[in-house]
Amino acid sequence: MHPNDPKLCAFVDVDAASDFPIQNLPYGVFLTPEQPELRVGVAISNQILDLAVLEAAGLIRCDGVSGVFAKPSLNAFMALGQTVWSQTRARISELLRHDNPELRDNTNLRVRALVPQNLAQMYMPIHVAGFTDFYSSKEHATNVGTMFRDKTNPLLPNWLHIPIGYNGRASTVVVSGTPIRRPRGQLKSPTAELPNFGPCQRLDFELEMGVVIGQASAMGEMLTERQAEEMIFGFTLLNDWSARDIQQWEYVPLGPFQAKAFGTSISPWIVTREALEPFRVQGPAQEPRPLPYLHQAQPNNYDIQLAVDLRTEKMAKPASICRTNFKYMYWSSVQQLVHHASSGCAMNVGDLLGSGTISGPEKGERGSMLELSWNGTKPLELDGGERRSFLEDGDSLRIRGWCQGDGYRVGFGQVEGSIVAVEPAGIFGPPLF
Ligand SMILES: O=C(O)/C=C/C(=O)CC(=O)CC(=O)O
Ligand SMILES: [Ca+2]
Ligand SMILES: [Mg+2]
């Protein structure tokens, strides 16, 4: 049976609402207090299958290469390429099947290989080689263009022709749960004559998917649609934290710089492209037709449901502030990657592409506070009488995502982060203001 077959059943109990049935098998990097070495595992139900243990026991072998999973990142495994990714996933699926005694009946090994998720600490799943952020939701670009530039002509003239992006910072991509310190920066209100330097006053999140590149491409080479697709290892949830006030003053003409360099959070589990295959859908019609190098022979979008929750320090439980879907994206991840390499830009194993903020056509489908509060003119009303236009210290933001199958879901888990005050000053050096 193919590892995506909906009829497959694991020997581990899996709730229908779990993000991690046997049809998913996402990869992550973890450690436990008893065994504090970082290693690669796969999520199954509420447990982690320790691939380093299975590899050492000889139950999994990656193309004859040893020690691939006893590593602090997935990069070594990703470098082996799509055939090995596929074979390994099929083997893991086989080992977890309810009717396969190999692992199920080997009590000693099974106890060592299955780790409860609540006893493990998740780490960054990849060593991020480079981070590029795109701007590929037409609804998002239209909303921001309307607020920041020209409401009669919100899309800039290039937008329908190029997957617009900018080079971000790999250094500050962090795993879910990492606190985000409020950034400092140059701020200038439209009425002020001169800028000042201080804590961001308009701190935002951006709901995005992260695309993990698992294969390199050579400098000087372009990519076909098929080559680009085969380089994509998988997807994560991504929050591109954004300082709107810093951004508005700094972004002309080279784009965001410090406004988006202070932190980008990703979920710890990478859902493989192969696991998403049953949820492939056609994206929006592209009119005008893109230039030939960006043509797509197949649908390259995915039906991934997305939910954003906000919790302030006073709230007992989080409030849902956005529900949207990855399928709305105008430019697909494959088109983004083809375009990224089109000048001759080399791609590396471990490169991370941000999809761009994911907004849908409805008001409740907007993927940033900037859009949800319409640049602060319509603050969100929260339970307990609190209001929010942007994020305040102590606020916690959570993104979840899943594909709904028939009786099961292929989920991403979550990416969460809380805002920490810029004070106490001096933690990162002397106060500057
Ligand atoms: O339209 C603008 O000036 C700015 C847009 C963004 O901040 C979005 C960005 O980072 C790209 C994206 O996430 O879509
Ligand atoms: Ca972004
Ligand atoms: Mg960022």
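Each Cβ is built from the backbone N, Cα and C atoms, and glycine gets one as well.
All TrEMBL annotations are machine predictions without curation.
The active site, proton acceptor annotation in TrEMBL covers H140. Secondary structure at H140 (active site, proton acceptor), taken from DSSP and collapsed to helix, strand or coil, is helix.
Other C-beta atoms found within 10 angstroms of the C-beta of E206 (Ca(2+) binding site) number 25, with every protein chain shown included. The annotation Ca(2+) binding site is assigned in TrEMBL to D133, E206, E208, D240.
The substrate binding site feature in TrEMBL is assigned to Y135, R149, Q247, Y251, T357. The Cβ of R149 (substrate binding site) lies under 8 Å from the Cβ of L156, each of which sits 6+ residues away along the same chain.
According to DSSP, D240 (Ca(2+) binding site) sits within a strand segment. The Mg(2+) binding site annotation in TrEMBL covers D240, K260, T264.
The annotation domain 'Fumarylacetoacetase N-terminal' is assigned in TrEMBL to 23-125.
According to TrEMBL, the domain 'Fumarylacetoacetase-like C-terminal' annotation covers 131-414.
The DSSP secondary structure for Y251 (substrate binding site) is coil. Among the binding-site residues Y135, E208, D240, Y251, K260, T264, residues whose Cβ is positioned under 6 Å from ligand 3 are identified as D240, K260, T264.
Q247 (substrate binding site) sits 8 Å from K260 (Mg(2+) binding site), counting Cα to Cα. For the pair Y135 (substrate binding site) and E208 (Ca(2+) binding site), the C-alpha distance works out to 10 angstrom. Close to ligand 2, meaning a Cβ under 6 Å from one of its atoms, are these of the recorded positions D133, H140, D240, T357: D133, D240, T357.
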